[in-house]
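Enquirer: The following feature annotations were taken from TrEMBL:
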DOMAIN    45-294  domain 'G-protein coupled receptors family 1 profile'
TRANSMEM  29-52  transmembrane segment
TRANSMEM  64-83  transmembrane segment
TRANSMEM  103-124  transmembrane segment
TRANSMEM  144-166  transmembrane segment
TRANSMEM  201-225  transmembrane segment
TRANSMEM  246-265  transmembrane segment
TRANSMEM  277-296  transmembrane segment
Amino acid sequence: MKSFSSSSNSSTITGFILLGFPGPREEQILLFVLFSTVYLLTLMGNGSIICAVHWDQRLHTPMYLLLANFSFLEIWYVTSTVPNMLANFLSDTKVISFSGCFLQFYFFFSLGSAECFFLAVMAFDRYLAICRPLHYPTLMTGQLCNILVATCWALGFLWFPVPIIIISQMSFCGSRIIDHFLCDPGPLLALTCSRAPVMEFFWMILSSLLLFVPFLFIMGSYALVLRAVLRVPSSAGRRKAFSTCGSHLTVVSLFYGSVMIMYLSPTSEHEAGMQKLVTLFYSVGTPFINPVIYSLRNKDMKHILSCAAHRQNWRTLC
């Protein structure tokens with residue numbers, strides 16, 4: 001395990017302090033209750049979508065299989081940060097071990113990377129369904145859907161391991177305090193004994209490619225979708241086409257909007273506080289909101305979940 005050395009070399013520390021959201025004890029308990037509730041509702045909401053897709057044969061289509069995988073991803077995405085954050089609310093030391101910090105670092109960014117790829121694949125699925133409706137069943141086969149799902153998971157977990165391993169091998173000096181609720185590359189690189197401009201540039205390139213390539217692909221897909229929809233003669237047909245994309249576009253807007261605010265907004269004196277709030281929104285808020293968006297804006301999903309809620313044997317659905 002890599003050690004964390006103080007500037008005086010008088011001691012060796014094997015962990016970091018995550019400040020999180022500092023405040024009095026009563027405020028910490030209130031935040032613990034709030035985020036515990038949000039976490040449980042997030043698990044229940046995304047779990048309900050997974051169960052509904054698994055249970056109802058009518059939802060065994062590429063669109064809903066992608067949605068079920070996306071919901072499964074969201075469960076693990078929020079789990080990579082919230083349990084440790086909840087423990088810190090009740091902790092006096094707020095210490096996270098060195099290995100625990102970098103494991104969280106890896107899983108948080110890997111799952112976030114997979115989310116970018118899943119959003120792009122889901123946009124591609126909507127493009128085929130609307131722009132190529134007659135060829136859709138032969139193009140988006142079950143086999144292709146499985147390949148796309150596996151590719152999203154693989155690319156997500158293979159995107160960042162090399163820079164994360166390199167950062168974990170650096171020497172950390174002086175303060176071990178991370179002014180964040182998770183292990184983030186910015187605060188971590190600020191704690192290294194010497195600047196690593198090559199590593200910072202490498203991280204920026206990987207992050208930019210991850211954000212903008214899927215985003216441009218999504219925007220291109222929906223530009224083609226919009227062109228196809230505007231050619232539909234009936235207003236009812238246009239509404240139906242837009243309704244199949246509305247949920248996904250809303251989720252894309254929330255996720256990419258918050259991420260790009262953090263990466264593209266100008267630096268301010270409240271940068272650390274703003275970074276925590278924006279990160280909190282896309283790492284905790286969007287996984288909590290997404291099941292609501294997909295349930296309210298999708299008639300099939302709304303109907304299945306409504307029927308399931310009235311069943312006495314709900315536990316047997318999965």
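Cβ coordinates are placed from backbone N, Cα and C, and glycine is handled just like the others.
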Enquirer: Output the single range from 29-52, 144-166, 277-296 maximising the number of Cβ pairs under 8 Å to the transmembrane segment (64-83).
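Expert: It is 29-52, which has the most Cβ pairs under 8 Å.
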Enquirer: Spell out yes or no: are there three or more C-beta pairs under 8 angstroms between the transmembrane segment (29-52) and the transmembrane segment (277-296), with each pair 6 or more apart in sequence?
Expert: yes
